[in-house]
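Colleague: The domain 'Peptidase S1' annotation in Swiss-Prot covers 24-244 and rests on sequence analysis. For 63, 107, 200, the entry in Swiss-Prot reads active site, charge relay system. Per Swiss-Prot, the feature Ca(2+) binding site maps to 75, 77, 80, 85. Marked as site 'Required for specificity' by Swiss-Prot: 194.
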């Protein structure tokens, strides 16, 4: 689930209705297998997303950690066996050593699969960033998370949302004192379009590169509270070093 940071501490997320017909919130159903790097993390049920970065490694959010995870690839409808899926258990699950559960700084995790997956048109990797993308860059967010800003509707079909990277100043103004250099906001200050609970760990891909990981936010799709994402470009060395050592 995307972390409802701070609001969860008072017992419930306070979210106001924006449009109860929205997808992801405010997105659309992805074309089948158009996001072949998207994975579902499963522990008897879908609980988080992730991104395939090579044939044996997935990147997700550290707050999605569970001791046992099955990674499901090639999915579109996560409640129907469509024949294209690959289910692989996690062999190693490695949270960033400086992950802070309270602030969600360094909210990134690597999963080594027990065996390499077969890459094809439905299961493919996404590139790590060659550099940090500038504000205004258009990106694709995807996941099977809640599609309502008020209430719960968990979709069967993978949802997509096109959204821009926001200036860091806007991000910091939306969440005073909460944004670190390892976080980036993506979305719309006017609200109405956002990732939500269940999308956590999933990808933000800009120009073919994984620039963000769904991390946290106040509610979903609320005005002046855009989604906050782990800034993947800060972790390329850690990712590469961790893979090499494991």
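FYI, residue positions are counted from 1 along the chain as it appears here.
For all residues, glycine too, the Cβ spot is worked out from N, Cα and C.
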Colleague: Work out how many Å separate residue 200 (active site, charge relay system) and residue 63 (active site, charge relay system) at their Cα atoms, rounded off.
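Modeller: Spelling it out, the Cα of residue 200 (active site, charge relay system) and the Cα of residue 63 (active site, charge relay system) are 8 Å apart.
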Colleague: I need the neighbours of the Ca(2+) site defined by 75, 77, 80, 85. Which other residues of that chain put their C-beta within 8 angstroms of the C-beta centroid, in sequence order?
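Modeller: For the Ca(2+) site the neighbour list reads 72, 74, 76, 78, 79, 81, 82, 84.
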Colleague: With Cβ-Cβ distance below 8 Å and at least 6 positions apart along the chain, what are the contacts of residue 85 (Ca(2+) binding site)? List them in sequence order.
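Modeller: When sequence neighbours closer than 6 are ignored, residue 85 (Ca(2+) binding site) has 72, 73, 74, 75 within Cβ distance under 8 Å.
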Colleague: Using a 10 Å cut-off, grab the number of neighbouring Cβ atoms around the Cβ of residue 194 (site 'Required for specificity'), all chains included.
Modeller: 31
Colleague: Please average pLDDT over the domain 'Peptidase S1' (24-244) for the predicted structure.
Modeller: 97
Colleague: Taking the Cβ of residue 200 (active site, charge relay system) as the centre, how many other Cβ atoms fall within a 10 Å radius?
Modeller: 26
Colleague: Using a 10 Å cut-off, grab the number of neighbouring Cβ atoms around the Cβ of residue 63 (active site, charge relay system), all chains included.
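Modeller: Looking across every protein chain shown, the total is 22.
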Colleague: Please report the distance from the Cα of residue 77 (Ca(2+) binding site) to the Cα of residue 63 (active site, charge relay system), rounded to the nearest angstrom.
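Modeller: Just about 24 Å between their Cα atoms.
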Colleague: Comparing the recorded positions 75, 107, which residue's C-beta has the most other C-beta atoms within 10 angstroms in this structure?
Modeller: 107
Colleague: Here are the binding-site residues: 77, 80. Which has the lowest count of other Cβ atoms within 10 Å?
Modeller: 80
Colleague: Could you round the CA separation between residue 63 (active site, charge relay system) and residue 80 (Ca(2+) binding site) to a whole angstrom and send it over?
Modeller: 27
Colleague: Using DSSP, would you call residue 63 (active site, charge relay system) helix, strand or coil?
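Modeller: In the DSSP reduction, residue 63 (active site, charge relay system) maps to helix.
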